[in-house]
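Asker: Checked TrEMBL, it gives:
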- Q38, L39, R40, E41, K42, N70, S109, K138: 4-amino-2-methyl-5-(diphosphooxymethyl)pyrimidine binding site (BINDING)
- D71, D90: Mg(2+) binding site (BINDING)
- 8-189: domain 'Thiamine phosphate synthase/TenI' (DOMAIN)
Amino acid sequence: MKLFDPRLYLVIGLADCGGRPLGTVLSAAVEGGVTLVQLREKGLDEEAFIQRAREVKALLRPRGVPLIINDSLKVALAVDADGLHVGQSDLSPAQVRAHMGPEAILGVSIGNLEELARTDLTGVDYVGCGPVYGTTTKDDAGSAIGSMGLASVAGKVSLPVVGIGGITADRLAQLHGCGASGVAVVSAIAGAHDPKQAAQDLRKAIALSL
């Protein structure tokens, strides 16, 4: 497995950027302290997704920030991405690992203890857990689990757990002591007027709360 820092994980696609170029928002976010990026492009066909992923990889690689692809194993393999994130209805972690090899960063979404109980985490490198709070950036996100729900999942696994869903710098204090290794955000950075400052604010809050 490649080394990675899950503290501030940006999940992003062009539609999240408020009409601004994806590269502009990403560059600012990385300058502000984003440590990991997941490219999520639900509305693109495979070839367009591959092209965009190549552009994002070219931007991130010199900055030392790993690129994780959302859901699509084909795209991840085509661009030699650093990793893949899968949900409950996607390929199993074992299938992904078999295709991507031992060095890839593999993440899986877990919404609650019930999903955790039925998910084989063999070969998984981190768990994305949520939504912690209500969110409008993912239609199928499910019900908010709150800080206690996040803590319950984090307490059951030995892997890094990243909280996702409605997390802002102001809410991070509520996650103190929950056992998360980092937080994943979409609109808190991609939708911010100043993505660099938003990332900096989140990093400061993370340092105090996690």
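Including glycine, each Cβ sits where the backbone N, Cα and C put it.
Owing to the predicted nature of the structure, the values given are computational and were not obtained by experimental measurement.
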Asker: Where N70 (4-amino-2-methyl-5-(diphosphooxymethyl)pyrimidine binding site) and D90 (Mg(2+) binding site) are concerned, what is their Cα separation in Å, rounded?
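Answerer: Distance (Cα to Cα, whole Å): 10 Å.
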Asker: Sort out the sequence-distant neighbours of K42 (4-amino-2-methyl-5-(diphosphooxymethyl)pyrimidine binding site) for me: same chain, 6+ apart, CB within less than 8 Å of its CB, listed by position.
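Answerer: Expected: G13.
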Asker: Measuring Cα to Cα, how many Å separate E41 (4-amino-2-methyl-5-(diphosphooxymethyl)pyrimidine binding site) from D90 (Mg(2+) binding site)?
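Answerer: One finds 15 Å between the Cα atoms of these residues.
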Asker: Could you round the CA separation between S109 (4-amino-2-methyl-5-(diphosphooxymethyl)pyrimidine binding site) and D71 (Mg(2+) binding site) to a whole angstrom and send it over?
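Answerer: That comes out at 11 Å between the alpha carbons.
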Asker: Most Cβ neighbours within 10 Å: which of the binding-site residues E41, D71, D90 is it?
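Answerer: Most Cβ neighbours within 10 Å: E41.
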Asker: List the Cα distance (Å, whole number) between L39 (4-amino-2-methyl-5-(diphosphooxymethyl)pyrimidine binding site) and D71 (Mg(2+) binding site).
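Answerer: For L39 (4-amino-2-methyl-5-(diphosphooxymethyl)pyrimidine binding site) versus D71 (Mg(2+) binding site), the Cα atoms are 10 Å apart.
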Asker: Rounded to a whole angstrom, what is the C-alpha distance between D71 (Mg(2+) binding site) and R40 (4-amino-2-methyl-5-(diphosphooxymethyl)pyrimidine binding site)?
Answerer: 8
Asker: Between 0 and 100, where does the mean pLDDT of the domain 'Thiamine phosphate synthase/TenI' (8-189) sit?
Answerer: 96
Asker: What does DSSP assign N70 (4-amino-2-methyl-5-(diphosphooxymethyl)pyrimidine binding site), in three states?
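Answerer: In the DSSP reduction, N70 (4-amino-2-methyl-5-(diphosphooxymethyl)pyrimidine binding site) maps to strand.
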Asker: Just to verify a number: CA distance, R40 (4-amino-2-methyl-5-(diphosphooxymethyl)pyrimidine binding site) to D90 (Mg(2+) binding site), in angstrom, no decimals.
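Answerer: About 14 Å separates the two Cα atoms.
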Asker: For Q38 (4-amino-2-methyl-5-(diphosphooxymethyl)pyrimidine binding site), just count the other CB atoms lying within 10 A of its CB, please.
Answerer: 24
Asker: Mind checking which of L39, R40, S109 has the fewest other CB atoms within 10 A of its CB? They're the binding-site residues.
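Answerer: Comparing Cβ neighbour counts within 10 Å for the binding-site residues L39, R40, S109 gives R40.
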Asker: Would you mind checking how many other C-beta atoms are within 10 angstroms of the C-beta on N70 (4-amino-2-methyl-5-(diphosphooxymethyl)pyrimidine binding site)?
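Answerer: The answer is 23.
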Asker: For the C-alpha pair, I'd like the distance in angstrom between D90 (Mg(2+) binding site) and Q38 (4-amino-2-methyl-5-(diphosphooxymethyl)pyrimidine binding site), rounded off.
Answerer: 16
